[in-house]
Ligand SMILES: CC(=O)N[C@H]1[C@@H](OP(=O)(O)OP(=O)(O)OC[C@H]2O[C@@H](n3ccc(=O)[nH]c3=O)[C@H](O)[C@@H]2O)O[C@H](CO)[C@@H](O)[C@@H]1O
Ligand SMILES: C=C(OP(=O)(O)O)C(=O)O
């Protein structure tokens, strides 16, 4: 199995191109189920999760072409198999996003329950409750959610509803937004998630002919239409990939231009990095991250957007391991997202955690070690620690990284890191 070998201690310098956002592309691909297309997605990243979503849609009966050279995905055709099998759903939880589109367009879906994952239990009750409010009836059998929605007689299956989320959920907002686009009448999503990926999905649905108001706010109002059509949509840049490479510049005391990255998507992360003594400047081509002086510790609490992203928590913790003073990191989104702590500790970090909070006491140097992690962002936090550590770090289980970071070793070695896949 592939591993990543890093010899740390080199300040990075140069430019890194930021790809299209994984977490925008996955729901956008699911939206392809809502019409015969073609839906053309530009700036598509080449990631394991994209291949998984492609396999899922293909087994549903759709045609999905991924032109990697042109960074383009073209989705067309109509689903003729309404089942999302366990083998694919367990690989990637975002598979559950086919539920809303399948129900809205065909009145039926059978989707495996995803189960828990390394970072938490991650139930899908909010997705189910919302779709039930829109008229779907759910049955649980053999680990599958089997949902049916009777035809309304007006060319729709689902009916618009006012859905008040008791808790902010990115996936539930996306699933219901897609379902509402083809439902009869008006749907109101209250306490909706406001992540940039949701705005991107809404923009794409509008290009396909959907009627949506309130984009960028926590109240989305969708006027259902009978049919959606073809569209071409450019995927937004990956703010988490950008934030991760910003940490790479900061932890090595270097300077990187993150081509295509946008300040507007990274607000809380940028504010915190500045608090730590890192310079962040918006330039025409992207964001420039520079660290000249020492790193100072800072406290963060993860929150739904526009708060500090949970998907940046592990990377920021790696940075705080070598910052001056103590930093308190509180994870409020997922109940088990400190799996990187024991591995960072093996590299010499001083971290203690209890429940939702961790205290990191900065040390002058980390030391390289063989490490492994159980999820995507935890794995990349070990790469970051390895870039700053003395000696050699081997990161095992690279398949986690390949879910969300395209060519990470090539992007980092091009800016001066001693990193290779072995
Ligand atoms: C593919 C994708 O875009 N993944 C992102 C998405 O995941 P995902 O959409 O799964 O995350 P959610 O926003 O839904 O989860 C937020 C919280 O709500 C809980 N919850 C969620 C749904 C539900 O029905 N019931 C429930 O209790 C979850 O367990 C979690 O504690 O948003 C997360 C939070 O920003 C990110 O970390 C993930 O990278
Ligand atoms: C948690 C993540 O993804 P997923 O929701 O697909 O597990 C992530 O991108 O960090």
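The backbone N, Cα and C atoms fix where each Cβ goes, glycine too.
A TrEMBL annotation is a machine prediction, not a hand-curated record.
Per TrEMBL, the candidate among 289, 329, 333 that belongs to the UDP-N-acetyl-alpha-D-glucosamine site alongside 93, 122, 123, 124, 125, 126, 311 is 333. Pairwise Cα distances among 93, 122, 123, 124, 125, 126, 311, 333, which the record gives as the binders of UDP-N-acetyl-alpha-D-glucosamine, peak at 22 Å. Looking at residue 117 (2-(S-cysteinyl)pyruvic acid O-phosphothioketal) and residue 93 (UDP-N-acetyl-alpha-D-glucosamine binding site), their Cα atoms lie 9 Å from each other. Rounded to a whole value, the Cα-Cα separation of residue 122 (UDP-N-acetyl-alpha-D-glucosamine binding site) and residue 23 (phosphoenolpyruvate binding site) is 16 Å. In terms of local Cβ density within 10 Å, 333 ranks first among the recorded positions 117, 124, 333. Residues belonging to the domain 'Enolpyruvate transferase' (7-412) score a mean pLDDT of 97 in the model.
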